[in-house]
Amino acid sequence: MASALTLKNNYRCFQSLHQFYSGGPYAVSSDASFLVCACDDTINIIDSSNAAIKSTIQGDSEPVTALLLSPDDNFLFSASHTRQIRVWDLSSLKCLRSWKGHEGPVMGMACHASGGLLATAGADKKVQVWDVDGGFCTHYFKGHKGVVTSIIFHPDPNRLLLFSGGDDATVRVWNLTNKKCVATLEKHQSTVTSMAISEDGWTLLTAGRDKVVNIWNLHDYSCLTTVPTYEALEAVCSFDSASPFASCLSSFTQKHGKKKISSSSIQFITVGERGIVRIWNSDGAVLLFEQKSSDLTVSSDKEEVRRGFTSAMMLPLGQGLLCATADQQFLIYDLEKDADHSLNLVLRKRLIGYNEEIADMKFLGEEEKFLAVATSVEQVRVYDLASMSCSYVLTGHTDVVLCLDTCVPSSGNTLIVTGSKDNTVRLWESHSRRCIGVGIGHTGAVGAVAFSKKNRNFFVSGSSDRTLKVWSLDGISDDIEEVSSLKAKAVVAAHDKDINSVAIAPNDSLVCSGSQDRTACIWRLPDLVSVVVLKGHKRGIWSVEFSPVDQCVITASGDKTIKIWAISDGSCLKTFEGHTSSVIRASFVTRGTQFVSCGADGLVKLWTVKTNECLATYDQHEDKIWALAIGKQTEMLATGGGDAVINLWHDSTAADKEEALRKEEEGVLRGQELENAVFDADYTRAIRLAFELRRPHKLFELFSELGRRTDANVEIEKALTPLGKEELHLLLEYIREWNTKPKLCHIAQSVLCHVFSILPPTEIVEMKGMGEVLEGLIPYSQRHFSRIDRLERSTYLLDYTLTGMSVIEPERKETESRRRQAGEEEEEEEEEEERSAEQEKMEAKDRSRKKRKSHKSQDRKQKKTKVAYISGSACINTGPLCGTLSSLPPPKTVCVMDAGGRLGSALLHRLLHTGYTVHAALHNPEELVQCYTSEKKQLRLRVFQADPLDYHSIMDALKGCSALFYSFELPSDHPTYDELMGELEVRAAHNVLEACAQTESIDKVIFTSSATAIIWRDTQPDALSSQSHVDERNWSDVNFCKKFKLWHGASKTVAEKTAWALAMDRGVNMVSINGGLLMCPDLSIKDPYLLGAAEMYRDGVFVTVDLKFLVDAHICVFEDSSSYGRYLCFNRIINSTKDVLKLATRLLPSSSSPHSHPQMSSSMEGDNRVYQQRLSNDKLSKLMIHFQSGVQVEWEAESPLPQALLNH
């Protein structure tokens, strides 16, 4: 009985072959374990064992021209067309230093054996030597008359010689000690491409494109001999006596009775345009060995398909010869002896750096350990799937191979059939790696081939000549050395356009062909008789395949659909849609119950036939997927396409199921551990487990439990401290969600407070994605803060109400202490209060409903009375109100700086009469002391001499203060703004905020700035009308201000930004007020704010503010705990001609005012233009809705500012 069929749910890409080398420079590590290759503008580090990309270094968008590894393989040197020389640390892949040295691209580099010196050869005809650690030039050599192409140091560290060769056909020897050219070697007639030094260090080999190798004596720099090679050379390599190459050559000469190789002779290897390796002996210029054949040399007259070597080098530790080819391949050769004692150069490994566009591929053999790939070259490359290296290539076609198919006949040898643009089909035997048959007959490119599935004795080909041919394999033998000619058994003109795909039925009775004419035709074999035509696709058909179990065919088309057809009548059974571009391949898996498709959208899709469902989609390619191969035994997938990437996929359904079960079991066990930790009250471990299990609800419950404990703060910090940054980011995301719900916000705010205490805000902001989290946290946190603040204020009314009802006793500690100090009798006071309390209790029991209503009315009055700011000295000791006010906390101590300015003196006067204790900080304290001599004690005024540029004087003034009102006004000796004054204001702002951060008692800073820090920006006049309103969120453009000498705006902007930066960094609670032009009695036309007034007027941003309103705004912002950020402060805007006339009359003397010139005045009054107001102070207006200034108005009328202060 057959086992139940298990459908596949998922494939997983487990191995990939990417492009890693695009030609040009490369470097090999000292142990040959990895290569560093240039791939366009990037640098790839490649594992030499399997061609896997270990890491990638991003370049500078220009092609790399030179690469070099340091002797210890710790550093990589690179250069590109940008002329930048960079030093990379290979452990961290970071650029340690870079510099620009040459005036043209760097063409080659060499490193001294010590690793401390780097020599570079440039296209600017210069040679330079650099200190690696310092990045500075130590030697600068000029002398070449052309591009310097190659450069090497002498291998002996004690001989400081440098050799350079160029396209001027010369080699120059440079002495690093005396910094001179000691010799110029002129024997070449063309570009010198390569140089090598013998093992003893006294012989120099130079090779060039003039087809010779010159051997030089380094004692006197004479030419010993010239070896003609008869090919343009790209590399010359010498090898030492301990090399396997040397031992093989020595035994070879002894066995064959040839002249023994002398110890003084030098053996060297040359490679070049012919694509073969040759070994020479310097004595007599004897050719010791020549490679018999190479797949790089193509038997074609076409110049473009001729390939050769571009460079070569001996690998360290006797690991062979590495050759780089013009088609981006790395070939590693070993020299070995055959059974007949002849020498043979064995290709040990082939690494393909670039496959170009992959057209088709198939698995080889029964075990499917190899993959045959047809790319945009005339060769077929066969890859070993274990190492992902190219095992061998099949060479024979003279044009690009378009398609291929494989089979294993009864003989057991794997056969490969290929179709090419050269209009031929070729049959290959994989074991001998040779072509055993050629089929000629098509008149167009062969784009599709398919082997027989059952008998495996024929194959079918389809061509762009619109014909199908059946080719017989009868008479083809694997033992015959000669290439046989294949014969066509049947031919039919099948379609009206190119044939893209052919497929043969499992029983070899039918063949199906798909064409660009939008039809698929089914033919009966072997005579190719038409059976049925499948019509229904709207674009050309790219792929056809028979079902392995049912009488149906699947087709993939350029119309983005896949269809399944019945063979019996040609009807369409199912249509599958899902690809976003042409579907290029579709093949059955899982015994025909599922299929896999790929297309021009770069997607691979897995489908179930019965349900029409796409189970999975994979996006591992960046271009069209042209090739899809499916293993018959393992059903492993291989995909390749226009991005030159080969991906291998295996069925991961069972592994995914096991993984899911394992995770479920692990989740159950971890969940039990979590419950045990909660039961044991081990909250630190429980929180860590909740994080690992991603259980935010359980995490919230744990924090709630911790919040109920007496040691909650210690436990929460203990639980949060071990968390990493990723876990803290996840916690903040959870807090953001909790914070949106009123029931959960208290825990969220508590945990958030502990997070900020563990990590500084600077580190939190640097976390990836933290901006989005904070955007969700801040608005809800502000809402919660405002709500709590309102509740706290409401408690004051409740306290007063309960005190008035004698439910609770008022606090009398301060009152009693003051009475003791004044010598009042405490016993009489207490007796009176006890009698009044008993009387109130008796009256409360007998009160009626009407009297309860009167008490409610009285409570409301008392609430209003309590909110008002009245000093203790102004309180009249009558009624219950006096008792309440006497129980209020003592007034706060605040600092005003600069108290001698217009705003500072007004603020000082208001705060003193409101009941605050004030520290007045100013430059000249004598004048202020004289003004308040009689009232100093009563108004609680302390005067300090403070300079904003003197940090210590600021600290003295701030001691004991809970808040600071800071404003900067010009000194009398420097009444105008300039660049120097702007720097002084910035320094002052920095010192003041730093002093506030160091003063523990400071709770709030009110920073006075200007509207000019908001309004100045470089905007086009046409766009002003469409631009949105300007408010506190805008900043002035400092560069714009400096450009037009708007020093007031530039200074205020930079100073405020400096203050905000320091406040956020030091955690200072700061609020800034950006006021308009201050309308004070001494306002003049020379006020620095008025520079640019005409532009402000036209832009609708010219605003003014009264001194009283500005003071009110400062007091309101200070006393309202919900205030935050910046507040734009003004109460009048100058946007009409009438406003301008009023302002001009106030600013100018009577002789210069517009009213003194009737013509000017009448013309301006006739101008009724009104510019649109673009400034908005809605934020401040909302804050001041509930601000009551009535009490202050009364004392302002009774106690005006001292005249001495008004003069400031």
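Residue numbers in this text run from 1 along the chain shown.
Placed from the backbone N, Cα and C atoms, the Cβ positions cover glycine too.
What TrEMBL annotates here:
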REPEAT    57-98  repeat 'WD'
REPEAT    99-133  repeat 'WD'
REPEAT    141-184  repeat 'WD'
REPEAT    185-226  repeat 'WD'
REPEAT    394-438  repeat 'WD'
REPEAT    439-474  repeat 'WD'
REPEAT    492-525  repeat 'WD'
REPEAT    534-575  repeat 'WD'
REPEAT    576-617  repeat 'WD'
REPEAT    618-649  repeat 'WD'
DOMAIN    672-805  domain 'U3 small nucleolar RNA-associated protein 13 C-terminal'
COMPBIAS  809-823  compositional bias 'Basic and acidic residues'
REGION    809-865  region 'Disordered'
COMPBIAS  824-835  compositional bias 'Acidic residues'
COMPBIAS  836-846  compositional bias 'Basic and acidic residues'
DOMAIN    899-1013  domain 'NAD(P)-binding'
Segment confidence, the domain 'U3 small nucleolar RNA-associated protein 13 C-terminal' (672-805), expressed as mean pLDDT:
83
Quick test of the contact rule: Cβ under 8 Å, at least six residues beyond the ends. What residues does that give for the repeat 'WD' (534-575)?
497, 500-506, 510, 512-522, 581-588, 591-592, 595, 597, 599, 607, 609, 612
Hey, would you say the repeat 'WD' (141-184) packs against the repeat 'WD' (394-438), going by three or more CB pairs under 8 A that are 6+ residues apart?
no
Under 8 Å between C-beta atoms and at least six residues away from its ends: which parts of the chain pack against the repeat 'WD' (439-474)?
402-410, 415, 417-421, 423-427, 485-508, 511, 513, 515, 523, 525-526, 528
Residues of the parent chain within Cβ reach of the repeat 'WD' (618-649), under 8 Å, 6 or more residues beyond its termini:
8, 11-19, 354-363, 366-368, 371, 373-375, 383, 385, 584-587, 589-590, 596, 598-600, 602-605
For the repeat 'WD' (57-98), jot down how many residues DSSP puts in helix, in strand and in coil.
0 helix, 24 strand, 18 coil
Looking only at the repeat 'WD' (185-226), what are its DSSP counts of helix, strand and coil residues?
0 helix, 24 strand, 18 coil
For the repeat 'WD' (576-617), DSSP counts of helix, strand and coil?
0 helix, 25 strand, 17 coil
How does the repeat 'WD' (394-438) divide up by DSSP, counting helix, then strand, then coil residues?
0 helix, 26 strand, 19 coil
Per DSSP, what is the residue tally for the repeat 'WD' (534-575) in helix, strand and coil?
0 helix, 24 strand, 18 coil
